[in-house]
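Colleague: First the structure, then my questions, so here it is.
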Amino acid sequence: MAKRDYYEVLGVSRGASADELKKAYRTKAKELHPDRNADNPQAEAQFKEVNEAYDVLRDADKKAAYDRYGHAAFEGGMGGGGGARGAYGQQADFASAFSDVFEDLFGDFMGGRGGAARSRAQRGSDLRYNLRVTLDEAYRGVQKTINVPASVACDSCKGTGAEGGAEPVTCPTCSGMGKVRAQQGFFTVERTCPTCNGMGQIVKNPCKSCHGAGRVEKERTLSVNIPAGVETGTRIRLAGEGEAGMRGGPSGDLYIFIEVREHALFQRDGVHLFCRVPVSITAAALGGEVEVPTIDGGSSRVKIPAGSQTGKQMRLRGKGMPALRGGGAGDMLIELAVETPVNLTARQKELLREFEKLSEDNNPEGKSFFSKVKGFWDGMTG
């Protein structure tokens, strides 16, 4: 049966770059690997074909010869003493030629002989704890007590997993390597040892308290210092307070993620605070003062300029939130909301009507608006 064109095998054009060739090879190799196609007898042959094509096209000299002579470049008779396999005989060591690709695809695949398991001790996992605080607590800083369920080192075996504190022994399945090898057609594949789970050691007499795990589940009570200035999304790291390590390995870390609750009066934007303050129509028109609360528990008197409109903002410097890492505090912005009176008495209504008759020149924005409306309609009808 005639060999297929190598470019066709990889599904690329003849002008494909080295990166495009490698990407195409990785895709094909992953798709056709015997481990993933145990029920497809043709996959192994196709897998070999893909490897053969890539072995040629990845090498600049072989590729040049193939582009010029085709498959004949690798068969007997093409000058230069290539022997029965031709000038570029297919005797490459695929284990070394493709190790960089397969390590990406399948993990520790096609490696050398290696040694014992890299580390019998394993670091514990990191933990996440979501903690809600009030805006007042975020302003002042606070000490919080939290309960964290986590795996901790077993007291009975001191984390070894063995009864009576005995030492683990070398795994008989992998001889301490943590991996086992299996032949898959054309290749030798390494997998994590199923007996010791890659640890390289086993426990002959498991601890009765932790069943050989070396860890037990336990709820711990921790005290956490929340600094002033935290905001939603702030992350606090507590080193060594995560899951306990395996076989004497170090513990992971605990990460506290802060969520600041909404406040009834203040809205926050970084270090600045906003407060919407209602004022009477007379105070807005004539001017006056209003007392506003501040986040520190006090209050400040703010002057309202005569003629203030809804939305007017005034700033109280330094009355916002403290910066988390120092640098002073933000500001507090006060936004006026002019209230329209409701439930008017007959006398109040009478006074307002009288006021309206006298206030034609006192509403500049309204006058300007209606002038624009008139101009708009005149333009439509003219």
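Yeah, the Cβs are placed from backbone N, Cα and C, and that goes for glycine too.
Taken from Swiss-Prot, the feature domain 'J' applies to 5-70. Annotation source Swiss-Prot lists zinc finger at 141-219, citing sequence analysis. Taken from Swiss-Prot, the feature repeat 'CXXCXGXG motif' applies to 154-161, 171-178, 193-200, 207-214. Summarising the annotation, Swiss-Prot assigns Zn(2+) 1 binding site to Cys154, Cys157, Cys207, Cys210 and lists sequence analysis as the type of evidence. Taken from Swiss-Prot, the feature Zn(2+) 2 binding site applies to Cys171, Cys174, Cys193, Cys196.
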Colleague: So if I exclude everything within five residues of the ends of the repeat 'CXXCXGXG motif' (154-161), which remaining residues of that chain have a CB under 8 angstroms from its CBs? That is, six or more out.
Modeller: 167-168, 203, 206-210, 212-216, 244-248
Colleague: Taking the Cβ of Cys171 (Zn(2+) 2 binding site) as the reference point, list residues of the same chain whose Cβ is under 8 angstroms away and which are at least six residues distant in sequence.
Modeller: Gly178, Cys193, Thr195, Cys196, Met199, Gly200, Gln201, Ile202
Colleague: Beyond Cys154, Cys157, Cys207, Cys210, what residues of that chain have CB atoms within 8 A of the centre of the Zn(2+) 1 site's CB atoms?
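Modeller: For the Zn(2+) 1 site the neighbour list reads Asp155, Ser156, Lys158, Gly159, Thr160, Gly161, Ala162, Glu163, Pro206, Lys208, Ser209, His211, Gly212, Ala213, Gly214, Arg215, Val216.
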Colleague: Rounded to a whole angstrom, what is the C-alpha distance between Cys210 (Zn(2+) 1 binding site) and Cys174 (Zn(2+) 2 binding site)?
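Modeller: Approximately 24 Å lies between the Cα of Cys210 (Zn(2+) 1 binding site) and that of Cys174 (Zn(2+) 2 binding site).
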Colleague: For Cys157 (Zn(2+) 1 binding site) and Cys174 (Zn(2+) 2 binding site), determine the Cα separation and express it in whole Å.
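Modeller: Taking the Cα atoms only, Cys157 (Zn(2+) 1 binding site) lies 25 Å from Cys174 (Zn(2+) 2 binding site).
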Colleague: Roughly how many Å separate the Cα of Cys207 (Zn(2+) 1 binding site) from that of Cys174 (Zn(2+) 2 binding site), to the nearest whole number?
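Modeller: That comes out at 23 Å between the alpha carbons.
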Colleague: Just name the most isolated of the binding-site residues Cys174, Cys210, going by other Cβ atoms within 10 Å of its Cβ.
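Modeller: Minimum Cβ neighbour count within 10 Å, taken over the binding-site residues Cys174, Cys210, occurs at Cys210.
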Colleague: Taking 10 A as the limit, how many CB atoms besides its own sit near the CB of Cys157 (Zn(2+) 1 binding site)?
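Modeller: The answer is 25.
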Colleague: At the Cα level, what's the spacing in Å between Cys174 (Zn(2+) 2 binding site) and Cys154 (Zn(2+) 1 binding site), rounded?
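Modeller: Here the two Cα atoms lie 27 Å apart.
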Colleague: Quick one: average pLDDT across the zinc finger (141-219), no decimals.
Modeller: 81
Colleague: What is the number of other Cβ atoms found within 10 Å of the Cβ of Cys193 (Zn(2+) 2 binding site)?
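Modeller: Result for Cys193 (Zn(2+) 2 binding site): 21 other Cβ atoms within 10 Å.
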